[in-house]
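Mind having a look at this structure? Questions to follow.
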Amino acid sequence: MVTSSEMVISSEMENGLKQESQEKKKGGFITMPFIIANEAFEKVASYGLLSNMILYLIKDYRMGLAQGQNILFLWSAATNFLPIVGALVADSYLGRYLTIAIGSIFSFLGISILWLTAMIPQAKPGPCDPRTQNCESTSSLQYLVLISSFALMSIGAGGVRPCSLAFGADQIDNKDNPMNKRMLERFFGWYYAAAAVAVVIAFTGIVYIQDHLGWKVGFGIPALLMFLSAAFFLIASSFYIRAKVKRNLFSSFVQVIVVVYKHRRMTLPSPDSSITWYTLKDSERHVPTDKLRFMNKACIVKNPEDIGPDGVALNPWNLCTVDQVEELKTLIRVLPLWSTAIMMSVNMSQGSFGLLQAKSMDRRLIGSFEIPAGSFSMFTIGTIVIWVLLYDRVLLPLASKIRGKQVQFGVKERMGMGLFCSFMAMVVSAIVEHVRRTKAIEQGFRDNPSGVLNMSAYWLVPQHVLSGLAEALNSIGQTEFYYSEFPKSMSSIASAMFGLGMAFANLLASAILSTVDNVTSKGGKESWTSSNINRGHFESYYWLLVILSAVNIIYYLVCSWAYGPCVEQRNGFRVDDKKGSASSEEELLPMK
């Protein structure tokens, strides 16, 4: 006879099996078009707005170049920093699905508000009086509406960008499937291809529409695309696998810091003494390293009573595992090398100045067809893509054949080469701007920054190519370095390090620009970064960046020497062989 308790257990088992069966039916490649479309449309919308935004701020909001560029720097800083917050929120509280959904809605609201500033005349300063040439200034409310649109878009990017790739992988990552690795490779390939195509469309199609059809259409199309991005993602909600929220690493870091502080007066025993280190069964390490040795105090077991019968510390704020300590050590050790890339990102964020330069030069390509000034960034993106395609398939095999042995460039070597290319990009930028400004004055355009001088805009291509090489070498090297040095448990932090550097770079670029503008405009002088680029001295501004970049290269050499050999040098193999290539176009296409 079946008891009631047995019936309950049987019912629970049946429900569990049904739920498991339903989970197995979810996910798979049927969800890929919706996830990839969400990411691609978001990229087209956001990147398409950024290229020409300085022109919108100068012309429609009557901002000075320095003021407008500082707003863009802060917008980019927020857009690069908030994905870290988004990753923390997704991993600790909301989960990836809900974070992406909320982020998509925020992005749509932000772009819609920006579109409304172009549609509603009262949202911007009115036209200047043609008789008196008096122009109405931008009101506080108008500023508030504009900044709120930027803030909403940054919040949206913080939700979509850190979670989209991982959420897509959740749908097809099945360790029991023998084709699992191939399925992930196919997904990553389609994902990165869609991201690259999205950026190309943004820098060409959207920019062209803004130049020829105006802001109403130029902002309206990104708003429509962002609506489609959110709609595509939400339509497939019932098909998604939603991974459970896990504990976040950041709380672990805080615990280590607290325990090290509590045990600061503890004397570390000698290495040959009998020490009990606190580890779990699945720990990657059982003995801490000698690097930053004072932190080892956090994982010394002083009293066996501190550990419960299940092997877990009764109070994690009094005792940390060896893995926890080593994770924080690794993060602290890479920070100096991470900081060396900030100056390169400062150089990469000077796109608005290049836009004004290109706008003042002859951009004809074939006949009367002109490349939009905002599309010159495509030479940077194109260089990155070409380098990614040629490096492993052509350059390394050719160099190995010539030398008669396997040739490889380590991650730190590539990072250093990238910094040098960035330095050279600023040198070329300064020289080209000196020539451009000299010709503009000679041709009578000193007081006419809108005039197009008789000089091809394609003189700007070399600096874009050098910038692309810099980003390809340093960015890929950075990402591989983080993935190789960090333990597997810190992969999410490894992927966020590059974006965090971009955020700091945007803030530093804003500080440099504000200082230069304030110092050089004293006494009624024309600022180096004047809105009239023919009266300003952008070449001097570029030379300042050259000096800072040279100092940064020396700083990098010191940090690289102090860090010592990295994992690939210690183990004698490449990162690709260990964990798979960490390079991704997602890391190479940050918001500048």
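Just so you know, glycine gets a Cβ as well, placed from its N, Cα and C.
Nobody curates TrEMBL annotations by hand; they come from automatic prediction.
Per TrEMBL, region 'Disordered' is recorded for 1-20. Annotated transmembrane segment per TrEMBL: 71-90, 97-120, 140-167, 188-209, 221-241, 369-390, 415-432, 493-513, 541-564, in sequence order.
Give me the lay of the land around each of these features.
Within the same chain, residues 38, 42, 45-46, 49, 60, 86, 89-90, 142, 145-146, 148-161, 163-164, 167, 214-216, 218-220, 222-223, 226-227, 229-230, 233-234, 237, 240, 242 sit at least 6 positions outside the transmembrane segment (97-120) and bring their C-beta atoms closer than 8 Å to a C-beta of that stretch.
Within the same chain, residues 35, 38-39, 42, 46, 49, 61, 71, 75, 78-79, 81-87, 89-90, 96-97, 99-111, 113-114, 116-117, 123-125, 188, 191, 240, 492, 495-496, 499, 586, 591 sit at least 6 positions outside the transmembrane segment (140-167) and bring their C-beta atoms closer than 8 Å to a C-beta of that stretch.
Listed by sequence, the residues of this chain that lie at least six past the ends of the transmembrane segment (221-241) yet keep a Cβ under 8 A from its Cβ atoms are 23, 26-27, 30-31, 33-35, 37-42, 44-46, 48-49, 97, 100-101, 104-105, 107-108, 111-112, 114-115, 167, 170-171, 206, 209.
Within the chain, the transmembrane segment (369-390) has long-range Cβ neighbours (under 8 A, six or more residues past its boundaries) at 51-52, 55, 196, 199-200, 203-204, 207-208, 210-211, 351, 354-356, 358-359, 363, 457, 460-461, 464-465, 467-469, 471-473, 476, 583, 585, 588-589, 592.
Under 8 Å from some Cβ of the transmembrane segment (415-432) lie the Cβ atoms of residues 337, 340-341, 343-344, 347-348, 350, 354, 357, 409, 459-460, 462-463, 466-467, 469-475, 477-478, 481, 539, 542-543, 545-546, 549-550, 552-553, 556-557, 560, all in the same chain and six or more residues away from its ends.
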I need to check the long-range neighbours of the transmembrane segment (188-209): which residues 6 or more away from its ends have a CB within less than 8 Å of a CB in the stretch?
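Distant contacts of the transmembrane segment (188-209): 32, 36-37, 39-41, 43-49, 51-52, 165, 168, 217-218, 221-222, 372, 374-375, 377-378, 381, 385, 584-586, 589.
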